[in-house]
Amino acid sequence: MKGSCILKCLFIGSLLMYPQFAFQIKTHRLLHLPLFEKKSHNVMPNTKKIQETPNKNLLVSNNTSQLQIIQQKINGLVTLIRPINVLPTLFLTLFGGWIVHPSYTVFLLPKFLVTMVDTVIIMSSSMIINDIYDVEIDKHNNPNRPLVKGIITIKEAVFASMLLLVLAEYLNLSLLSTNLQWVVHVSILNILLYTPVFKKITFVKNLSCASLVALSIFFGALSTDTLLGINDGFTILTISLNLVFLGCLYNELLLDMCDLEGDKEHNIYTIPVLFGNNNSWFFASFILYSNIFLNSLELAYLYNSYVGSMIAFICIPFIQDLYKIKQTNFSKEIITSSVKKSSDIMLVLFLYLGAISYYM
């Protein structure tokens, strides 16, 4: 009787702690096999191994999936930042410092290095903020963006952008002098107001983008010499600022032509929306030719006609792409290709101006 009670208790306890072991006990009981054989001592360890193996596999699977999610988040943030746009801006800051201080010692100036870092941080944050506001528009214009696809959530994007801006201001206030700090303040104010305010005002949004990019050159120059007006490289700096500002304005108009349908749908009154792509193309042409002619003329006046005409020669691909856009009825592919190519052309222009600043 006692043995029967003990057996029942053992069975219930085993069922609670080791269900598979309890099942084996029940099987032994039914088959009238001796329960407490020496061989039965191996039942529990074997069962543990059977249980642990799937648990380990599940743990490894969970860790792998978490790593994949983290990797997707990182890739999504990098895509939001648009390194292909941020890096040229970094180069512009470097170029601005070089124009007024054409020496390799410019890389040893602490303020200059901080301005380069701050420029990258601010531009990265501006790209994220722009995507946050444009998430609905991008569903039509750019459906592969991380926020549209859900790779990055809105909260994650807001947190990342605010973290970058706080870091930029911390570096600004702690490491830069007051005559440089205002540039960071103005830049941050610009990117915060761009989409909710400036983007809704025709052409102001284009001016805002162009001025922000041009400001990066001025920021780099100011960090190396606060008395820019009497610097030998001031005229080259002025030409560079004109080239960047009008060049960005030209690109912004082309991109607005590319986004015509999406901007119409979301009531963003760009120049193409108000006046059509054809009139916008003529306006873009005017900006491009003015940019080439005026800066070539100024450089020729400063040195000679040969030096000035080189700007027009370098800008020939701009003119070719402009007419190709017209011939293809404002093809999005051609416009996108032209805007991407513009970075390479501008790089050649700045290398040319940098060489003039160094050797002449």
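Note: Cβ is positioned from N, Cα and C throughout, glycine not excepted.
Feature annotations, reproduced from TrEMBL:
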TRANSMEM  80-100  transmembrane segment
TRANSMEM  112-133  transmembrane segment
TRANSMEM  154-173  transmembrane segment
TRANSMEM  179-197  transmembrane segment
TRANSMEM  204-222  transmembrane segment
TRANSMEM  234-255  transmembrane segment
TRANSMEM  267-289  transmembrane segment
TRANSMEM  301-323  transmembrane segment
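Between the transmembrane segment (179-197) and the transmembrane segment (112-133), the number of CB pairs under 8 angstroms, six or more residues apart, is three or more, so the stretches are in contact.
In terms of C-beta pairs under 8 Å, the stretch of 80-100, 112-133, 267-289 lying closest in packing to the transmembrane segment (204-222) is 80-100. Among the listed stretches 80-100, 112-133, 154-173, 267-289, the one sharing the most Cβ pairs under 8 Å with the transmembrane segment (234-255) is 267-289. Distant neighbours of the transmembrane segment (154-173): 73, 77, 80, 114, 117-118, 121-122, 124-125, 128-129, 131-132, 135, 147, 180-181, 184-185, 188; these residues of the same chain sit at least 6 beyond its ends, with a Cβ under 8 Å from one of its Cβ atoms. Counting same-chain residues at least six beyond the ends of the transmembrane segment (80-100), those with a Cβ under 8 angstroms from any Cβ of the stretch are 106, 109, 112, 115-116, 119-120, 123-124, 127-128, 131, 145-147, 152, 157, 160, 213, 216-225, 228, 231, 233-234, 236-237, 240, 244, 340, 343, 346-347, 350, 353-354, 357-358.
Sequence-distant contacts of the transmembrane segment (267-289) (same chain, at least 6 residues past either end, Cβ-Cβ under 8 Å): 137, 199-200, 202-203, 205-206, 246, 249-250, 253-254, 256-257, 259-260, 315, 318-319, 322, 325-326, 330.
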